[in-house]
Every structure is written in C-alpha cells, then in structure tokens.
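Asks: If you look up TrEMBL, you'll see 22-74, 92-113, 745-790 marked as region 'Disordered'. Annotation comment: TrEMBL describes 27-41 as compositional bias 'Low complexity'. Taken from TrEMBL, the feature compositional bias 'Basic and acidic residues' covers 42-53, 762-773. Summarising the annotation, TrEMBL assigns domain 'PDXDC1/PDXD2 second' to 434-548. Residues or ranges marked as domain 'PDXDC1-like third' by TrEMBL: 554-662.
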Amino acid sequence: MAAAAEISTALHQADTFISNIETKIDSASQQHSPASNSSSAKSEDSGLDDGSRRTVAKQISRKSSRMSQSSGMPSVLEQLEQMIVSDEWVGAESNGIPGQHPQLTKTKSREGQRLSELGRTLVTSSSLKTYIDLLSSHHRQSIAAWLYGNTNQALSNLFRFSDSQVYCSDAEATLSLSIRNGIGHAVKLALKKAYGNDFVTKGWRVFMEKGAPVVYVSPALHMDLSSYLASEFGIADVVVLPKIDSELSEIEGRIDHQAFEKILEEDVAAGKKPLILIGVVGSTILGQNDMISKILEIRKTKHSFWLHITGQAIAALTFREPNGVLVHVLSQVDSLTIPLALWLGIPAAPVLTLHKTVDGHKATYREKLDTLPWWVASSYLTSKRITDMIENAYLLSKVMLKGLSTLPQIEIIGMENAAEFASGVYKNKYTPPTVLIFKYRYESIKTAVLRHKDLSQKEEDHEAIAQAEKVLNDELEYGDSLNSWLGQGLLMECQALGIDMMEIGGNYGMAFRFCPLEHAATYSSHIDHVQRFIRQLSDVIRIVDSTVTARSRFSDLKEQFPSLTLLPIQRWAGIGAVCYIPSIVKEVNPHEWNEKQKQQISHLNLELVHQLRSVDTAFSSGESASYGVSCVKFGMLSDAKDLADLVQMVAEKGKEIENSQQYLDSLAQLIRQGIEAANEHLRKENDMRLQNEGVMRQLPIMGSLVNWWSPLDKEAQNIRGRSFNLKTGEIQTTEVMYKRKMGEDTKTPMTPVETPQAPHDFSLKKNEAVIEETKEESEEQAEAAQETQK
C-alpha cells in the first residue's frame with residue numbers, strides 16, 4: 001500500500017508539474033503572439049533589450065542555483081521549469097532566425113506541443129521505469145517480461161507479423177535517427193544469424209574467416225548508413241543499389257532487382273558475405289514500393305540474406321481487410337521498422353522494430369522494460385482505435401486524390417492518368433497512396449524541356465542549346481514562383497491538413513506534399529478539411545490560369561506602347577514588369593543608360609507605382625537586376641481580358657506624370673543645375689588659360705608684341721564651349737557635339753515612332769468616375785458640416 005501511495009503521489013506531482021509548464025507556455029504564447037503589442041525591441045518578460053538577454057539569463061541561473069541550495073527541491077524544480085518554459089537562456093547564436101524577435105521565435109517553436117491525455121500519460125509513466133529499476137531483481141524482471149509479452153502480442157497481431165519480437169529504438173533528436181537505430185538492431189540480428197556466436201567472441205576477425213559482410217540499401221531510403229554501420233559494427237561495405245530507369249528516378253528511385261542480382265553474384269564470387277538488404281515500401285517522397293516479391297525470389301534462388309523493410313505502406317497491414325498480396329509478401333521478410341508514434345500523433349513513444357526470432361538472441365531486461373510506453377499506448381487506444389486512425393489517414397488520401405484528379409491544371413507527380421487511378425482506388429483495385437506530391441501544371445515547362453532535349457541530342461548548334469537552356473531555366477523559375485504563390489495563400493488556411501512545400505529536384509521544382517499518415521492524427525484532420533482545400537484550390541487556380549494566359553501575350557500587347565519597356569524580373573509570379581521610359585531618353589539603348597538616367601527613370605516609375613496603387617493594389621514596385629532601374633510589376637490577374645486595360649492605364653499614367661508640373665519642375669531643376677555646372681566649368685577653364693598665358697599677354701599693346709614674338713599654340717587659344725545633354729544628364733564640350741553632328745549629317749534621319757491610339761477602357765473610366773463622384777460627395781459633406789458648426 002505504501003508503494004502504491006508513493007507511485008500515485010509521484011505521478012500526481014509529475015502531472016501537476018507538466019500542467020504548470022503548459023499553462024505558462026500558453027500564457028507566454030498569447031502574450032508574445034504576432035497580434036499582440038510585442039513588436040518593440042525590448043522583451044516584455046525581462047524589460048531588457050535582446051543584447052543583454054544572455055547575461056541576464058546567466059544571472060537568473062546563478063540566482064536559481066543559490067535558491068536551490070538554500071530552499072531545497074522545490075527550487076530545483078522551479079529552475080527546471082524556468083528553463084523549459086523560457087528559451088531566453090539559450091545562446092543568441094542558436095536562438096532562431098537572425099533579426100527575428102526572440103519571443104516570436106520561442107512562441108513558434110512551441111506550436112503543437114500541447115499534450116493530449118495519452119501524451120501526458122506517456123510522459124509521466126516513463127518515470128516509472130526508473131522506479132521499477134529500484135525493485136528487487138526478480139520483481140523488476142517479472143514486470144518487464146509481462147510488459148514485453150503483452151506489448152509484443154498486441155503489436156504482432158496488429159501488423160499481422162506472427163512469431164515476431166518487438167524492439168523499441170532509443171529516443172533520438174530526430175525521427176530519422178530513431179529509425180536508423182531500428183535498422184541498426186536489424187543489422188545486429190543479421191550478424192548474429194550469419195556468423196553465430198563467433199561474431200560476439202571474435203569480433204571483426206570472423207569477417208576474415210567467413211567473408212566480409214555487405215549491406216545493400218535501397219536508393220529510396222534517403223539515409224546515410226555508411227559511417228553509422230562502420231562505427232557500430234565495423235562494416236565497410238555499404239552498397240546503395242542502382243535505380244530502375246524511369247522519368248522519376250531523378251527524384252526518387254526503386255531498386256533495380258536485375259542489377260541487384262548481378263551485384264549479389266559478383267560479391268559472392270569475390271568471397272564476400274551478403275548480410276542484409278534494407279528495402280522501402282512506401283517511400284517518403286513519391287510513396288513508391290521496392291519490388292519485395294522479386295527480392296524474395298532472388299534470395300530463395302541465389303543467396304540467403306536478411307531482408308529488412310521500412311516505409312509508410314507498412315501501415316496498410318493494420319487495415320480491417322488488408323490487401324492479401326501485401327500481407328503475404330511482408331510476412332516473409334525478417335524485420336520491419338515502424339514509426340507508429342508518428343502515425344498516431346503521440347509523443348514520447350519510441351520507434352518500433354518487429355523481427356523474426358533468431359537462435360541465441362534474447363531480449364535484455366532493458367529492451368523489455370522499454371516497451372512500457374507502447375503497453376500504455378496500446379492499452380489506452382486499443383487495436384480498434386489504432387486501425388481507425390490509420391484508415392482515416394488513408395481515407396483522407398483517397399478523397400484528396402479524387403479531388404485533385406478533377407482539376408486538369410493540377411499535376412500529380414508519378415501518375416500519368418490521375419483520374420483513372422483515382423477511379424481504381426474507389427473501386428478497391430488499388431490502395432490509396434501514402435503520399436501525394438502535386439503542383440500547378442505549367443505547360444510551358446514541358447515544351448521547354450522537350451526543346452532542350454532535342455537540341456542536346458543533336459549536339460550541333462551550341463548557341464541554340466545555350467539559348468534553350470536559358471529559356472528552360474526561366475520557365476522553371478516562373479513555374480516555381482506560381483506554385484509558391486499558390487502555397488502562400490492556401491497553406492495558412494489549411495494547416496489542419498499538414499500540407500507543406502518541398503523542392504523535389506529535376507525539372508519538377510517546387511511542389512506540395514500531402515502525407516496524412518504523418519499529420520492526420522496530430523491535427524485531427526477529417527474529410528471536411530480536404531473538401532474545403534479542394535474548393536479553395538479550384539478558386540485560386542482560375543487566377544493562376546488567367547495570369548499565365550495574360551503573360552503569354554504580355555510582350556505582344558506592350559508593343560502598342562513604345563513608352564513601356566519590358567524588363568525581366570526574377571521570382572515573380574505575376575504577369576511581368578515594365579518600365580516607363582521618359583521621352584528624353586527614349587532613343588537611348590537601355591544598356592547604355594548612365595547613373596543619372598537610371599536615377600531619373602527610377603524616380604518617375606516609383607511615382608507611377610504610387611499613383612497606380614491608389615487605383616489597384618496589385619501593382620508593386622521592383623528593381624530589374626539587368627538594367628538597375630525601378631520598374632512597375634503587374635501582379636496576378638483574375639481575368640485575362642483586363643490586361644489591355646491595365647497596360648493602357650500604366651502608359652497613360654506615366655505620360656500624365658511626365659507632363660505634370662511637378663515632373664517638369666524637377667526636370668527644370670535638373671537643367672538649371674546643368675547650366676550652373678557648365679558655367680563653372682567655363683570659368684575654371686578661363687582662369688586656367690589666363691594663368692598659363694601670364695599677365696603680359698593681357699596688356700593691350702604689350703600683349704600683341706608678346707604674342708607676335710612668342711605665339712601661342714592654336715589649341716591653347718580656343719576655349720571649348722560646354723553643353724548640358726538632357727538625355728544623359730552629362731556636361732560635354734561642344735566639340736563632341738559638333739563631331740557627332742557632322743557624323744549624323746551623312747546618315748538617314750530616323751522617322752519618329754507614333755504611339756497608336758489606345759482603345760477605350762470603359763471599366764476603368766467608370767471606376768475613375770465613381771472615385772471622382774465619391775470625392776465630390778465627401779467634399780460637399782465636409783462643407784455642409786462646416787456650415788453646420790458655424
């Protein structure tokens with residue numbers, strides 16, 4: 001009874017401690033949320049600026065230490081609680097994004113850490129493992145054996161992996177490291193089976209006697225095992241197997257079983273010992289499966305080795321009615337590593353590894369006791385609830401696949417005919433995919449890829465190949481910008497689905513990744529979330545379609561307005577960017593603009609953007625890296641028919657600014673400054689001439705005599721005039737202008753390009769009329785109010 005009371009008291013104290021921490025975390029998150037008044041440079045917690053935060057944290061730590069020495073255990077727990085709740089004591093170099101408010105970083109890092117009832121139970125019950133260690137040897141071993149047996153039976157039945165044993169990986173900083181520990185346990189078992197007790201007694205010497213072990217790794221594993229296996233087991237031969245050639249192999253490949261068969265024969269002929277093959281069923285990017293049935297056939301006919309499997313598709317074994325082929329194939333492998341805690345959204349539970357029985361191997365007391373969290377989880381959730389949670393994740397994938405397949409503008413990576421595949425999934429011909437990678441289908445990329453591929457195969461015109469490569473890179477960059485723009489609006493509104501963006505490489509660029517197994521349980525996702533996402537996506541896609549259509553004819557439409565120049569910009573999902581060119585520099589090549597001209601053009605275009613945004617906020621200012629001037633950027637377009645009106649409005653507004661009194665005044669000031677600078681140049685040159693000629697030459701009679709006796713050089717007698725070029729903003733000698741004029745007299749004069757008559761824009765003029773009427777009404781109301789006050 002006393003022991004039960006002690007355990008109950010300890011658990012209650014741990015639960016109270018965690019509750020206090022979560023309460024303070026929630027309070028700090030609300031206090032320092034972006035919507036609160038915490039954007040100042042000082043912390044509301046300490047009242048000090050960020051620079052002194054680390055020093056103060058050290059002082060608090062020392063103070064807490066002194067309190068703990070004098071006040072006992074409550075002060076020690078108070079210090080630990082303070083370290084968990086606040087991260088101000090962490091060094092500035094590891095405090096998140098540089099330049100970001102530390103409280104905002106702290107708040108974001110705590111998102112999603114609110115423990116559920118099961119999560120809190122797992123955290124508090126983990127302390128019982130230490131308490132169990134204090135019991136007598138027979139007592140604690142009996143408890144560990146009972147926990148191990150019950151957990152092993154529940155998980156083996158859940159995954160239909162009979163005659164298996166369970167192993168719980170040690171907790172690591174990341175999930176991949178925990179999975180790596182599970183793979184390491186499988187390697188340990190494979191060594192035990194292949195070399196027997198000799199590996200335990202002789203170590204690496206047994207490799208020399210019986211052959212060096214070789215580990216084969218699937219290319220879809222995305223994990224470097226070489227250094228880990230070398231340091232832990234002394235295995236030097238870790239072979240990443242070749243991929244099957246396909247269009248998707250550059251993103252993620254599957255094992256080429258024919259190439260593996262040849263490699264296996266070569267290793268056996270060389271005296272090596274094939275130890276283990278690590279395959280993937282349900283890869284993390286494309287959800288692909290290695291052909292495990294082919295590998296089992298190779299093992300049966302060629303050479304025996306341990307077969308270990310990991311991946312997301314293992315979750316399908318828990319279905320009420322799982323696929324018979326999947327159960328038959330995976331029941332023949334030797335071990336499985338399963339991140340079940342991630343799929344169920346529960347913290348503080350280790351990664352599981354189920355493996356077949358190996359002669360001479362018995363689980364240790366510590367390995368048995370480590371199953372305590374999973375005994376709690378399996379008892380609390382039951383097999384039925386676990387199956388429900390995993391089937392719900394597959395159902396979400398099924399509904400998402402159906403919704404995406406109805407949108408022709410969406411490309412699902414890895415599916416040639418998404419609609420046909422979705423139909424097969426709904427007819428139970430196929431299992432729903434564990435991962436969906438999709439993106440906006442920008443057809444220009446496919447055209448550019450084919451063009452570049454055809455030219456590269458011919459290898460004749462290197463200049464054409466370089467141009468095609470440039471076009472391809474530009475189209476890929478624009479496609480990424482479109483998908484990034486889609487993500488900015490959708491992901492924030494659909495956080496319950498856990499959709500994120502990733503760079504998948506190759507000619508695919510940015511894409512969306514939906515993996516309900518990883519997020520559905522954590523965010524409590526359901527079908528309504530998916531359906532709402534599909535509706536929002538279809539609405540936003542219309543804007544993207546209109547923008548892409550308008551962009552394709554943007555260059556041709558701009559030709560109607562000679563005052564506008566199309567400028568290339570990077571990372572912009574809108575239609576494009578133009579620069580309004582003033583008439584005084586219209587005839588100058590953009591590559592020949594000097595700094596004063598660039599400044600003048602940028603000033604006009606910034607004012608143009610300011611006035612355009614008062615009418616349409618989709619306009620924005622930018623800077624073209626190619627020419628170094630500010631430009632007007634067109635945003636996304638909801639209707640491609642409005643493009644002509646928008647371009648016309650930009651040209652008219654630019655002309656209006658150029659002809660405005662303010663712009664003319666600034667131009668007059670520029671001219672005045674040029675004239676003053678020219679006069680100053682002339683004065684300095686005249687003073688220099690007088691200084692060179694001397695005083696004697698300035699006297700009326702004496703000067704003629706001196707000039708006759710010692711005449712000056714003809715070049716020294718001439719004073720060159722100065723001219724201020726309005727087009728370039730430079731001061732030049734008149735000699736340059738004369739020489740240029742003499743050269744231009746022999747050329748054919750250029751015919752000025754006349755701007756064609758712009759089409760009428762009824763919608764914009766209607767908007768302007770409404771604005772003007774509103775302005776007049778507001779002025780009348782203001783005057784009436786003043787009269788009333790009088």
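Quick reminder: no glycine exception, Cβ is built from N, Cα and C everywhere.
Whatever TrEMBL says is automated annotation, not expert-curated.
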Asks: Can you break down the domain 'PDXDC1-like third' (554-662) into helix, strand and coil residue counts using DSSP?
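Replies: Helix (H, G, I), strand (E, B), coil: 52 helix, 20 strand, 37 coil.
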Asks: Given the model, what does the mean pLDDT over the domain 'PDXDC1/PDXD2 second' (434-548) come out as?
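Replies: Summing pLDDT over the domain 'PDXDC1/PDXD2 second' (434-548) and dividing by its length gives 88.
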Asks: Going by DSSP assignments with H, G and I as helix and E and B as strand, what are the residue counts for the domain 'PDXDC1/PDXD2 second' (434-548)?
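Replies: Summed by class, the stretch gives 78 helix, 14 strand, 23 coil.
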